[in-house]
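Engineer: Here it is: the structure, laid out below.
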Amino acid sequence: MAVLILGAGRVSGPVFEYFHRKGISFSVVSAIQKELNSVKSSYASAQCYNLNLPKDVAQLPSLIALHKVVLQVVDAGIIFLCECGLDPGIDHMLAKQAIQDVKDRGGEVTSFISWCGGLPAPECSNNVLKYKFSWHPKGALKLYQRSAGYLENGKVIHVSGEDVLYKAHPIDLDAILPGIKFEGFPNKFLYRYLSAYGLQSCKNFARGTVRYEGFSNAMLALVQTDLFSDIAVPQLQPDAPDITWREFLSWLARGSYDDKELESVLLSRVGNSHSRLDTLKELGLLSDTKVDKKGTPIDTLCHYLQQKLSYAPGERDMVIMVNELQSEFPRQSDSAHQQQEVTTIQHAGKPSSSALTGYALRYDGSATTTMIVGMIPMKKIVVRVFSLLFLGINQKECNATTHFRCQNGRCIPRRWKCDRYNDCGDASDETGCPTLHPSQCYDVFLTSECALLNSTYPPICLDHVMSYKFCRNFCGHCEGSADDLTWPFRGPLLGLGFLRP
């Protein structure tokens, strides 16, 4: 079995190293030949392919494209891993662990706030944004134009894309990084997180992005000068005459100004904020540097920032995750009736690799992939990784009202019964349901394979999928080095019931 990795940039390094150390063959696809050459020089056995998909692929009807992709995936026996990185992924596991701990102690979570972000390490946050790009900037910049929301006092507060940056507020992280100021702003609100986390009665719920203090104010300078526009303009077409950044911002300001006039006009455009005007200056957007034209303001800006704000050799990034829970314990005394708990993670990367994958994909996505290699039959199988992240239900709380006891002893939320997924592992949660579904055969689509599959991988073996080593198959011998699970997540995964002590 070979693993296909799409992309070979800086954040991919730890994934290559992990699979190479485990003896798992992998292929790499990238649009940048220089990246592939680097991979090949370090991992001679890796298969490298240079591929640059046409830009008009995204214009294909999404339904037809999705339909074709699904058919090809099923026929090829490919397993897709989703939501098993940092956010989403590790955040799910840590959140579930903390929430379940409160419930185990007879409490109820009334407020859950989660912050997460990838940032330059403090000593490398040496620009006006205090941010650097390890991947294409457009994905990061478009984040600040998407609508967001959160639950406050039981009411959903919707935030339009143009207002997201105005919703930034301070985050206290002195416990892990004393003296450094941070801020956060909300992500999109999704009701399904309340259900997945078991927080239907929660009054306050939010998931957001963390940045260094001042980031949102600096980003507003770019937004308010129309540099985030995705509308093509004649001045930025490849065959247009050369133009400098100062000339282009003058054009965006609807005029032809000298330096002093332009600063005055732009100051008005950015809400008379001198700090935002300074952002434009420090980024070189009022200079006579020639613009590398990319068609639209945002594409041109992204290309410019990718060159200007990339990580230099020897610089590091870091990841930060914070979960804030407020809980009520009705059976406790007045002094302990309400409690607040904060879980924080801060992990710095290495000069040669990103913390985003060194901490997240190397330990989470790569580990999940390793579980699949040699353990799950490949032919026509779909694995719902979301279920893998939420296997931890306290066995003592398995009551008939809210939970379902599987035949193999596993306890799952009752809402998972008859949902057409084999959450129990022995398919007992899908037995006796109104309509027969392939999930009764371990999600294998051909029911004729059920007998062979059940005889090869008895249901009881699902309880032994993982000990402190990875197993080649459900009931086979365990292989791997002792450090396979000596990661920061062993505790949370044990707490979730995902690992067996």
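Cβ atoms are placed via backbone N, Cα and C, with glycine included.
Keep in mind that TrEMBL annotations are predicted by a computer and have not been checked by a curator.
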Engineer: Choosing among C424, C433, C441, which residue does TrEMBL name as bonded to C406 by a disulfide?
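Structural biologist: Of the candidates C424, C433, C441, the one TrEMBL pairs with C406 is C424.
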Engineer: Do you know which of C418, C450 TrEMBL records in a disulfide with C433?
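Structural biologist: That record, TrEMBL, gives the partner as C418.
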Engineer: Would you mind reading off the Cα separation of C406 (disulfide bond) from C433 (disulfide bond), to the nearest angstrom?
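Structural biologist: C406 (disulfide bond) to C433 (disulfide bond), Cα-Cα distance: 14 Å.
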Engineer: Take the C-alpha atoms of C418 (disulfide bond) and C424 (disulfide bond) and report the distance between them in angstrom, rounded.
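Structural biologist: Pair distance, Cα basis, whole Å: 11 Å.
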Engineer: Which one, from the disulfide-bonded residues C406, C418, has the smallest tally of other C-beta atoms lying within 10 Å of its C-beta?
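Structural biologist: Looking at the disulfide-bonded residues C406, C418, the Cβ with the fewest others within 10 Å is that of C418.
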Engineer: Grab the pLDDT values for the domain 'Saccharopine dehydrogenase-like C-terminal' (85-359) and give me their mean, rounded.
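Structural biologist: Taking every residue in the domain 'Saccharopine dehydrogenase-like C-terminal' (85-359) and averaging pLDDT yields 86.
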Engineer: Which one, from the disulfide-bonded residues C424, C433, has the smallest tally of other C-beta atoms lying within 10 Å of its C-beta?
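Structural biologist: So among C424, C433, the disulfide-bonded residues given, the one with the fewest Cβ atoms within 10 Å is C433.
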Engineer: For the C-alpha pair, I'd like the distance in angstrom between C433 (disulfide bond) and C424 (disulfide bond), rounded off.
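Structural biologist: Each residue's Cα considered, C433 (disulfide bond) and C424 (disulfide bond) end up 14 Å apart.
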Engineer: Indicate whether C418 (disulfide bond) is helix, strand or coil by DSSP.
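Structural biologist: SS state of C418 (disulfide bond) = coil.
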